[in-house]
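J.: Sending over a structure as structure tokens; questions will come in a sec.
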């Protein structure tokens, strides 16, 4: 392979990126600069710099992207109501563009020849990373070892790491593929690859209790929203990162947001994963219910179509595109009145709306009551039905006329 002077590596400290450091040095005779995007992995970041240097990197950039991640990527996606295939809250999908953008920025500072990532050739993340890089530096060389090297499986990776004394925490028996950030934790591989197998939740779950271990009494919380963003929990104002952290703790305790799904990957195959998204699931539910109170019918119905498209764009790595940006502007406009307070009951994986209020509520008890009211003349419905049903009547009479002619 051609010699390179300096390569920027998207580094997590996991198995893939740990063995890529010696592989790059062996194959390109280059300096490797590791970059870790901190998007809320917490304890996974402990000792990362020491590990990267010990493995062969010249330095490690530890970039704290958590605030930007929550405010500029997570919250706009919540406002959009974007959920991929009805289940996946896009935990990995919207983290990759942000990290990819930062990789390009550091590559320019360092004068690097290439950017390298550890995504497999079967996954979605290779697309997300590389499209982000191309969006900010279309001429940057990208190295994707999984598409080049002789390593064919995670078992091969472990063997490679052991032969080069690369420190790893996993082994052949507990080799789940995981991705963690402040929004979620995903689990893939091993027994999960066969959809007939029930997930071993007591062994897999890290952020959440299983349903069986969740408290036998419900937990009540109150969330306050301003223009579509959660700003307070139980009456206490919080920044976005702190609020999500607190919801993760509360939701995890009550087994909220555990999803087992088979999804359609961008690259053409189906894959199965178990996702833990405790705080995010609470925010989605609260935001959606408050929108029901505050959005008019036409906006609400049209926004459902936008939500589906927005989810596809994010999942497919198209965050930095004119369409995603345009949809975000539309969504931002719809959120101007999504302000209010909602009380939620959390119990063994369930989230129940326990009451909500908003100064922009479009719900009128005077009009909606089943009791006697003085504002709604029910006789007006007759004229409405006559006009609304006119196309149906015209069509029915046309068929009646045709039947008479046939006779």
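Quick reminder: no glycine exception, Cβ is built from N, Cα and C everywhere.
Positions annotated as ATP binding site by Swiss-Prot, on the basis of sequence analysis: 10, 11, 12, 13, 14, 15, 16, 17, 18, 118. Summarising the annotation, Swiss-Prot assigns L-citrulline binding site to 88, 93, 124, 128, 177, 186, 263, 275. Marked as L-aspartate binding site by Swiss-Prot on the basis of sequence analysis: 120, 124, 125.
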J.: Within 10 Å of the Cβ of residue 125 (L-aspartate binding site), how many other Cβ atoms can you find? Include all protein chains, please.
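T.: 21, counting other Cβ atoms within 10 Å of residue 125 (L-aspartate binding site).
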J.: May I ask for the distance between residue 120 (L-aspartate binding site) and residue 275 (L-citrulline binding site), taken between their Cα atoms and rounded to an integer number of Å?
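T.: Rounded to the nearest whole number, the Cα-Cα distance is 19 Å.
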J.: Which ones, of the binding-site residues 12, 14, 16, 18, 125, have a Cα no more than 10 Å from the Cα of residue 93 (L-citrulline binding site)?
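T.: Those near residue 93 (L-citrulline binding site) - Cα within 10 Å - are 125, in sequence order.
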J.: Other residues near the ATP site, CB within 8 A of the CB centroid of 10, 11, 12, 13, 14, 15, 16, 17, 18, 118?
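T.: Here the non-site neighbours turn out to be 20.
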J.: Nearest of the binding-site residues to residue 186 (L-citrulline binding site) by CA-CA distance, picking from 10, 16, 125?
T.: 125
J.: For the L-citrulline binding site, please report the maximum Cα-Cα distance among 88, 93, 124, 128, 177, 186, 263, 275 in Å.
T.: 19
J.: Within its own chain, what residues at least 6 apart in sequence put their Cβ under 8 Å from the Cβ of residue 16 (ATP binding site), listed in sequence order?
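T.: Within the chain, residue 16 (ATP binding site) has Cβ neighbours under 8 Å at 118, 119, 120, 146, 157.
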J.: Of all the binding-site residues given, 12, 93, 120, which residue's CB has the most CB neighbours within 10 A?
T.: 93
J.: Taking Cα atoms as reference points, rank the binding-site residues 10, 12, 14, 125 by distance from residue 263 (L-citrulline binding site) and give the first.
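T.: It is 125, whose Cα lies nearest.
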J.: If one measures from the C-alpha of residue 12 (ATP binding site) to the C-alpha of residue 177 (L-citrulline binding site), what distance in angstrom results, rounded to a whole number?
T.: 13
J.: Which chain neighbours of the L-aspartate site, leaving out 120, 124, 125, have a Cβ atom within 8 Å of the mean position of the site's Cβ atoms?
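T.: Leaving out the recorded residues gives 119, 122, 123, 126, 127, 128, 265, 267.
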